[in-house]
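Read the structure below first, then the notes.
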Amino acid sequence: MASSYVADKTSTSSAEDQIPRLPKGNNAYALDEKRRAALAEIDNAKFSWFHVKVCMVAGVGFFTDAYDIFAINIASTMLGYVYGNHAKGALPTNQDLGVKVATPCGTLVGQLLFGWLADVVGRKRMYGIELMLIIIATFGQAVTGEGHAVNIIGVLIVWRFIMGIGIGGDYPLSAVISSEFASTHLRGRLMTAVFANQGWGQFSAALVAFIVVSAFKHALLRDDPNVLPHVDFMWRILIGLGCVPGAIALYFRLTIPETPRFTMDVERNVKQAAQDVDNFLTTGSYYVDPDAVVQRVQAPKASRRDFIAYFSRWENARLLIGTAYSWFALDIAFYGLGLNNSIILNAIGFGSPDPSLTGTAKVYQNLRNITIGNMVISVAGLIPGYWATFLLIDRWGRKPIQLMGFTMLTILFIIMGFGYDKLTATESARNAFTFLYCLTNFFQNFGPNTTTFIVPGEAFPTRYRSTAHGISAASGKLGAIVAQVGFGKMVNIGGTNKFVKHLLEIFAFFMLTGVFSTMLIKETNQKTLEDLSGEPQEGFIAGVATEPTESAA
């Protein structure tokens, strides 16, 4: 059996010596050579239009994900004005927490589920399903209503959980597809370009909110301050527009080809994979003959026993622990801040409404300032951080960037936390705090937020790559949930927003632990995915199945 073959060949340190050497005239030897030749063709391919297409198709998904996740940062204030405290623009603590934490909870489920399914049934078969979930759930939020038996916030929480499952599926699928199609010399940049769309999505959410608030200005100023019906229009339009980029990308996701690595190593159909490589490198398309005879090869096969055997080896377990905990530590701060930018901005008095304003004029000014503040944070910190990583990731490597990012974040959070009172005492001090806050966003993205996405998409063998990425990403979302629950429950200890400085100090501690977890990961820069898998490639195909089968395509 293939699984026992893996267990045998990995049971000693001299695994490569134990691999059966196939005679050169053997059909399995020819297929083994064909597999390695096809992989080399992918790894050495020049940058092409096909790479651009993969980047765009995967990137639009991340744009949609970020828009949908972070739009709630502004929408929650709008919901507060309509369904919560009309004067303060705030939902009750538990409702605000539920709306914000529902998506990370769903994302955690989606990352584990879709990560596993992509390794079982294929990347292509799952790609697009997660986007359908996002589109349906986003539209559901926009048309949510309230009744005597149903609270609108409760319905929103359910829809946001479902949307989170779709968003979660996008992480392992997009990471693995972009990784497996990429050439070795540009893999880091391609994956960063995909992930960088998260910054544009977050910025677009703030920009759309700004446009919507400005468009409804005159209608809002005429509203009854106790009802604010036009604010209800605002949050529905803001959330609902998240459907648009997803709907545009859906067709392209459903028609993207299966990755040749999955076809070779999981479906074990080397001839089809080699044909796919030739097709997409030359024409950017692929074709599967439904009547073709499929010759399956004998190769390491995913199974529970094989999974345990692979991750029982310390070098593999250490890597998974390193990728998972690093993502967990990072998301404690990334989502602790990202989903609460409005609260942080209000806490430091950045862009607060003029105290002389009352009624709907104050509501308009507050919403406008929050949208501008979120745009400033995106432009000044988030987006530049992604593209700084893009420029350097294939030169410096993943590990140095992650280590530098965690170190800088530790220092910045210590300064912001322990110096919080002085940094918020005067107008000039508040400007300095805002600058430091933008720097934290910069070093999150020019650092662990990007590298924690990339490394697990490269460092594991094809049959477990998506599963391992899903586990790592789900660990991150567990951190996001912990951060959001902790932030929501602790931020007002001692008075409104009085505990913010201590939360920043807590974030500093987790960034410090991220420095140590980074030591557990290995450098993946300029190495092929097969070299990184830790499995010998010569003799990877041990034989040929005795009876060929017809294609199931």
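Our numbering is plain: 1 for the first residue shown, then up by one each step along the chain.
Backbone N, Cα and C atoms are what each Cβ position is placed from, and that goes for glycine too.
As annotated by TrEMBL, compositional bias 'Polar residues' applies to 1-16. Residues annotated as domain 'Major facilitator superfamily (MFS) profile' in TrEMBL: 54-526. Annotation source TrEMBL lists region 'Disordered' at 1-21. Feature annotation from TrEMBL assigns transmembrane segment to 126-143, 149-169, 190-213, 233-254, 370-393, 400-420, 499-521.
Distant neighbours of the transmembrane segment (126-143): 61, 64-65, 68, 110, 114, 117-118, 156, 159-160, 162-163, 165-170, 173, 177, 236-237, 239-240, 242-243, 246-247, 249-250, 253-254, 256; these residues of the same chain sit at least 6 beyond its ends, with a Cβ under 8 Å from one of its Cβ atoms. Packing against the transmembrane segment (233-254) from elsewhere in the chain are residues 53, 56-57, 60-61, 63-64, 67-68, 71-72, 74-75, 78-79, 82, 127-128, 131-132, 134-135, 138-139, 141-143, 205, 208-209, 212-213, 216, 367: each is 6 or more residues past its ends and has a CB under 8 Å from a CB in it. In the predicted model, residues of the domain 'Major facilitator superfamily (MFS) profile' (54-526) average a pLDDT of 90. Nonlocal intrachain contacts for the transmembrane segment (370-393), taken as residues 6+ away from its ends with a CB within less than 8 angstroms of a stretch CB, comprise 70, 73-74, 77, 188-189, 192-193, 195-196, 198-200, 202-203, 205-207, 209-210, 213, 341-342, 345-346, 350-351, 401, 434, 437-447, 449-451, 454, 525. Cβ atoms under 8 Å from those of the transmembrane segment (499-521) belong to residues 318-319, 321-323, 325-326, 329-330, 332-333, 336-337, 343-344, 347, 398-399, 402-403, 406-407, 409-410, 413-414, 416-418, 420-421, 448, 455, 459, 479, 486-487, 490-493 of the same chain, restricted to positions at least 6 beyond its ends.
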